[in-house]
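J.: The structure under discussion is supplied below as structure tokens; questions concerning it will follow.
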Amino acid sequence: MSSLGGGSQDAGGSSSSSTNGSGGSGSSGPKAGAADKSAVVAAAAPASVADDTPPPERRNKSGIISEPLNKSLRRSRPLSHYSSFGSSGGSGGGSMMGGESADKATAAAAAASLLANGHDLAAAMAVDKSNPTSKHKSGAVASLLSKAERATELAAEGQLTLQQFAQSTEMLKRVVQEHLPLMSEAGAGLPDMEAVAGAEALNGQSDFPYLGAFPINPGLFIMTPAGVFLAESALHMAGLAEYPMQGELASAISSGKKKRKRCGMCAPCRRRINCEQCSSCRNRKTGHQICKFRKCEELKKKPSAALEKVMLPTGAAFRWFQ
């Protein structure tokens, strides 16, 4: 009995030991799987940490940091980084990370090509930026040249205008010098008037500064084939009403004309309204006659009688020379 009990106990112990051994082996199996998973996680953790770390700064020969133009390419890494990472990986995760490293290698190659294209684009943009500057400079030079040409044209036009004005002034001076001696033949005593006028012109200022060399107003002279005569307005400017012989003077000056003018000083000349009663007013449309009450008294006289009585004042009548 004892032997049988001991045998059973031995069998139970062996069974228990076998079960324990199997349990131990079973328990050791999950522990080994957990260790493998932890190794894979530990191997993958540096990759995630490496992904989170910023890429190293790349500098060119001048020391300038060369960054890609696109913001999405700032996390790109050189191909050596991915190749070294793939070679340093564990044997267990090598097959798992092989495809991922290949994808990253292709992405790095694409990033490098994009970076090269970006540098080419930057160079092209720099050339384009330099070209508009040169175009702008050439346009500014062309505009300055056009402005200079326009200024020279305006100066030439101004000189031509001044030359024409000088020529016209010289011609007018010559005409006045040619016709002034004829005035002395119009009546007695006119040479004295010329002498007085010349003296006053030398000593006094001209009333017409725009004429320059002319001390008299050319509009006061009427140039006709018969000669040069003073206009009627000249006698009004001279103020001949102060002298008693103004009628005779007006008749003497205007005697060289074929048709005499009104003196403008007598009462009929100063009258401005027609009577509308006389025959001249009634027949004005057919006869073209002036009103009898407005007919100048000096025109009623004969020209010869007026010439005999001419007495000229001592230059005071020609006040426009002063």
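Cβ atoms are placed via backbone N, Cα and C, with glycine included.
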J.: From the ranges 131-136, 257-262, grab the one Swiss-Prot calls motif 'Nuclear localization signal'.
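T.: That would be 257-262, per the motif 'Nuclear localization signal' entry in Swiss-Prot.
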J.: In Swiss-Prot, the residues Cys275, Cys278, Cys281 are said to bind Zn(2+) 2. Which of Cys266, Cys269, Cys291 is said to bind at that same site?
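T.: Answer per Swiss-Prot: Cys291.
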J.: Measuring Cα to Cα, how many angstrom lie between Cys291 (Zn(2+) 2 binding site) and Cys266 (Zn(2+) 1 binding site)?
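T.: Per the Cα atoms, Cys291 (Zn(2+) 2 binding site) and Cys266 (Zn(2+) 1 binding site) stand 15 Å apart.
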J.: What is the one among the binding-site residues Cys263, Cys266, Cys291 whose Cβ has the most other Cβ atoms less than or equal to 10 Å away?
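T.: Max Cβ neighbours within 10 Å, all protein chains included: Cys263.
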J.: Cα distance, Cys296 (Zn(2+) 1 binding site) to Cys275 (Zn(2+) 2 binding site), nearest Å?
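T.: Each residue's Cα considered, Cys275 (Zn(2+) 2 binding site) and Cys296 (Zn(2+) 1 binding site) end up 15 Å apart.
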J.: Take the Cβ of Cys281 (Zn(2+) 2 binding site) and count every other Cβ within 10 Å, whichever protein chain it belongs to.
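T.: A count of 17.
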J.: What whole-number Å value do you get for the CA-CA distance of Cys266 (Zn(2+) 1 binding site) and Cys281 (Zn(2+) 2 binding site)?
T.: 20
J.: Taking helix as H, G and I and strand as E and B in DSSP, count the residues of the zinc finger (256-297) in helix, strand and coil.
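T.: So the counts come to 17 helix, 0 strand, 25 coil.
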